[in-house]
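Have a look at the structure below before the remarks.
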Amino acid sequence: MKLLLIAVGQRLPAWADTAYEDYAKRFPPDLRLELKAVKTEARTTGKPVEALMAAEKTRIEAALPRGCRRVVLDEHGQRVTTAQLAERLAVWQRDGRDVALLVGGPDGLDQTLRDGADEKLRLSDLTLPHAFVRVMLAEALYRAWTLSIGHPYHRE
């Protein structure tokens, strides 16, 4: 099973790429974390926000594996603790489908992507820069996985 972080935005600071990769490489071969960064639609075109998000939606959909579970990261999503995320991860693993975690661009995700999600999760009550989101999500997933296997990385 793969965990696919599909995020709008390609250029992030080097520290964010390094931190993300540090967590991604810790996952076992049967539970890989993979990043698919899709291009942000240029905000200088004068197009309405809905058109910009629709263009990004098309790119996100092209990156989605067939039959995957879609999990939207959204400010209105459900709050989860590390233990709850570990439980979700175990459910996802039993299900066997790849899991796509979707992170929108500067204006968020197109409404049809949000409506079509299997799950909606909230990473934080704060508005976070995209670089932080990638790193925090990778760390949270790694922490959840270590909790589920009894690894000492996570401590209560």
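Cβ coordinates come from backbone N, Cα and C, glycine included.
Site annotation (Swiss-Prot): S-adenosyl-L-methionine is bound by Leu73, Leu123, Ser124, Asp125, Leu126, Thr127, Leu128, and the candidate from Gly104, Gly105, Gly116, Gly150 recorded at this site is Gly104.
Here the Cβ of Thr127 (S-adenosyl-L-methionine binding site) has 7 other Cβ atoms within 10 Å, regardless of which shown protein chain they belong to.
In terms of local Cβ density within 10 Å, Leu73 ranks first among the binding-site residues Leu73, Leu123, Leu126, Leu128. Of all the binding-site residues given, namely Gly104, Ser124, Asp125, the one with the smallest number of surrounding CB atoms inside 10 A is Asp125. According to DSSP, Leu73 (S-adenosyl-L-methionine binding site) is assigned to a strand segment.
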